[in-house]
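I'd like to ask you about the structure that follows.
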Amino acid sequence: MKSPVPDLAPSDGEEGEDRTPLLQRAPRAETAPVCRSARYNLAFLAFFGFFVLYSLRVNLSVALVDMVDSNTTTADNRTANECAEHSTPIKVLHNQTGKKYRWDAETQGWILGSFFYGYIITQIPAGYVASRSGGKLLLGFGVLGTSVFTLFTPLAADFGVGALIALRALEGLGEGVTFPAMHAMWSSWAPPLERSKLLSISYAGAQLGTVVSLPLSGIVCFYMNWTYVFYLFGIVGIIWFILWIWLVSDTPETHKTISPYEKEYILSSLRNQLSSQKSVPWVPMLKSLALWAIVVAHFSYNWTFYTLLTLLPTYMKEVLRFNIQENGFLSAVPYLGCWLCMILSGQAADNLRAKWNFSTLCVRRVFSLIGMIGPAVFLVAAGFIGCDYSLAVAFLTISTTLGGFCSSGFSINHLDIAPS
C-alpha cells in the first residue's frame with residue numbers, strides 16, 4: 001500500500017526545519033493495515049481508560065447536587081430565584097434515602113476543587129517516571145487507585161468535609177499520572193502521520209465518559225441514591241484495570257500478539273524521531289517558546305474546560321432550575337458535541353497533513369485557534385442571555401463542542417516538537 005504523498009521526504013510530513021525542529025529526514029514506511037492492529041487496540045483500550053477516568057472525575061459534580069440539603073444552598077444563593085421553576089412534574093418519586101449534608105456553597109467549592117490539589121502534583125513527576133519505566137503500569141495503577149478511592153467516597157463524606165477533601169485530593173494524585181503516562185506510550189506507538197487519529201481516539205474517551213456519567217449519575221441518584229454512583233464507577237474502573245494489564249504493552253517490541261509487519265512499520269516510522277539522549281535538557285526546554293506556547297494554551301483552555309466540567313451541574317440546578325434527572329442529561333450534551341468533534345477533527349487533521357500536504361505547523365495553529373476562540377465567544381455570550389434555557393444549553397454546547405478542535409491542535413503538539 002503506497003503512501004498517498006510519495007514525494008514527501010520528512011517522516012512526519014513536513015518540509016522544513018522550522019516545522020519539524022527535532023525530526024530528521026527519512027524515507028517513510030509503508031502503512032500497516034488498521035484491521036486487527038495492535039496500535040489501534042491500544043487506542044481503544046486507552047479510550048475506555050479515559051472514559052473511566054472522567055466518569056470518576058465528574059460523578060461527584062452530579063452526586064453533590066443530591067448530597068447537599070437544598071435548604072442550605074438556597075439560603076446562601078442569592079440568584080436561586082432569578083429563573084422560574086420550569087421542570088415538568090415527574091410521576092416517579094425521587095429516592096430520598098441518601099444522607100444529606102448541610103454544606104454551604106463555599107464548602108461545596110472546596111470539595112469540588114480538592115481533586116485538582118492532588119492532580120497538579122503528579123503531572124511532571126509522572127512524565128519523568130513514564131519516560132524511564134514506561135507508561136503501562138503507571139497509567140494502570142493511576143486508574144486503579146482512583147477507582148478504589150472512589151469506592152470509599154460515601155464513607156469519607158460521613159467522616160466529614162475534611163476527610164472527603166483529602167480523599168478527592170488522593171484521587172487527583174492517581175489521575176494526575178494518566179496523561180503523561182499515555183503520552184509516553186504514544187511516543188513509542190504512534191507513527192507520525194497517525195498521531196492525530198490515535199491520540200484523538202484515546203483522549204476522546206474523556207469526553208464520552210463525561211457524556212455517559214453525567215446523565216447516568218443523575219438517574220442513579222434519582223432512582224436509587226447518590227452512594228451507588230461511586231460504587232458503580234469504582235467497580236468499572238477495577239474491571240478496566242484488569243483488561244489493561246492483560247492486553248497492553250509499553251512498546252511494540254514487547255507486545256505478544258503484534259504482527260511482524262506492523263511492528264516493523266511502527267519502528268521504522270519512528271526510527272529517526274526518537275532521541276538516544278538520556279538526560280533531560282531542562283535549560284533549553286525552559287527557553288523554548290514552542291513549549292511555553294503549549295503551556296499557555298493548556299492553561300487557558302483548561303481554565304474554561306474544568307470550570308464547566310466541575311460546576312455545570314450546579315449551574316443547571318441553582319440558576320436554570322433543572323431537576324436532578326434533567327440536570328444530568330443537559331450537563332452531558334455539551335460533552336457529546338466535544339466528543340464527536342474530537343474524533344472528526346483527528347481524522348481531518350491527519351488527512352490534511354497526509355493527503356493535502358498541509359504542514360503540521362499550519363494544522364496545529366488553525367485547529368488551536370478554532371478550539372480556543374470559538375468556545376470563548378459562545379461562553380461569553382452565554383453570560384448575557386438570562387433565563388433563556390434553550391439558548392443557554394445551545395451556547396454552552398457550541399462552546400464545548402468547538403473546544404474539541406484543540407485535541408488536534410496544541411494537545412498533540414508535544415509529540416511534534418519532542419517525539420522522545
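The backbone N, Cα and C atoms fix where each Cβ goes, glycine too.
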Examine the ranges 171-192, 391-412 and name the one recorded by TrEMBL as transmembrane segment.
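Feature transmembrane segment in TrEMBL: residues 391-412.
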Could you tell me which of the ranges 1-25, 76-100 is annotated in TrEMBL as region 'Disordered'?
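Checking TrEMBL against the ranges 1-25, 76-100, the region 'Disordered' one is 1-25.
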Please report, as numbers and ranges, the same-chain residues at least 6 past the borders of the transmembrane segment (228-248) whose CB is under 8 Å from any CB of it.
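Here the qualifying positions are 41-42, 45, 48-49, 52, 55-56, 59, 62-63, 136-137, 139-141, 143-144, 146-148, 150-151, 153-154, 213, 216-217, 220-221.
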In terms of Cβ proximity under 8 Å, which residues at least six beyond the ends of the transmembrane segment (366-385) contact it?
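Contacts with the transmembrane segment (366-385): 297, 300-301, 304, 308, 345, 349, 391-392, 395-396, 398-400, 402-410.
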When each of 38-56, 137-157, 198-216 is checked against the transmembrane segment (391-412) for Cβ pairs under 8 Å, which one has the most?
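That would be 198-216.
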